[in-house]
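So that you can see what the record holds, here are the features copied from TrEMBL:
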| type | residues | note |
| --- | --- | --- |
| TRANSMEM | 37-58 | transmembrane segment |
| TRANSMEM | 70-92 | transmembrane segment |
| TRANSMEM | 112-136 | transmembrane segment |
| TRANSMEM | 143-162 | transmembrane segment |
| TRANSMEM | 198-222 | transmembrane segment |
| TRANSMEM | 234-256 | transmembrane segment |
| TRANSMEM | 276-304 | transmembrane segment |
Amino acid sequence: MRRFRWKALLLVLGTVLALALFLVAQPQAVLQLFTGISGPTLVLAFVLHLGIVGTRAWRLKLLSDRTLGVASAFFLFTASQAVSSLLPWRLGEMALPPLARWTMRSKLSQGAFWWLAGRFFDLWSLAVAVAGLALLGLLPLALVFPALFLLFFLVLAAWASAHRQTWRVVVRWLPTRRLVRGALRMRQLLVDLGHRPAVVAASFALSLLAWALIVSFTAVLCRGMGASLSLGQVLLSVLGATLGAAIPIAGLGNLGPLEAGFASALTVTGVPTAQALSLGFALHFWTLAFQLILGFPAMAGLVLKVKR
């Protein structure tokens, strides 16, 4: 009951934050930006979004070690993205394991491993990219230090997870034998992944490519809305949105924290707060639209697979 109250409070806070930021952004301005994009720009943005989804779906296929085919990985990842775009509290992030269990008859521990490994590669590639771009002068040099700290933490986590003693400590805290068995399966999947360096390298490269496509997607939509942002501003806004989206107080559609992070990054570069927020909301609305356009057919594809 107490946990439900906390979740309800977070949902209320996220909804209030989203509404407050939306009012600051001015709904009319958001609508003008959202509807002011030309057809060719939208087509290009959709192709880039398809590239982002396809790249991460291919990574999922590699991580599954031939458990998933190309179509299955694409349907599964795209459907989980659509669910993630609709549910509050970032709950949709965890939709992949149950979807995989329901449609692919995989174990929950397998789906959980695929999701966790994907998030690890996202963070690893992000930290490397931020550190590299900061050293090249495309991002503030001060970002090198948090990026290196994140890299150190990820390396430490990878090192610890490869040792049997770590898992002995973990299973002691698990309340049921079922969870213990699931944790041990995840450890075995991690060991198996460590024996496939080509898959690790390819997953890292695909993660970097996905971030590059996200930056391109953001730049194309911003340009289409009439916002002349420099490469440094686009990079900073994507980083800000990523950090904001990690805050688990988002309401429906994960609106609120993402726009706050996006706008905070742009205001540092001199963009007015209201303009940055309106741009962030318009971008988010188009992202949600693309996710749902791809997500509903993907869900239908998964349902057809279940019925076969």
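The backbone N, Cα and C atoms fix where each Cβ goes, glycine too.
TrEMBL does not curate its annotations; it predicts them automatically.
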Give the one range among 37-58, 112-136, 234-256 whose Cβ atoms make the most pairs under 8 Å with those of the transmembrane segment (143-162).
112-136
Can you find at least 3 Cβ pairs under 8 Å between the transmembrane segment (37-58) and the transmembrane segment (198-222), where each pair is 6 or more residues apart in sequence?
yes
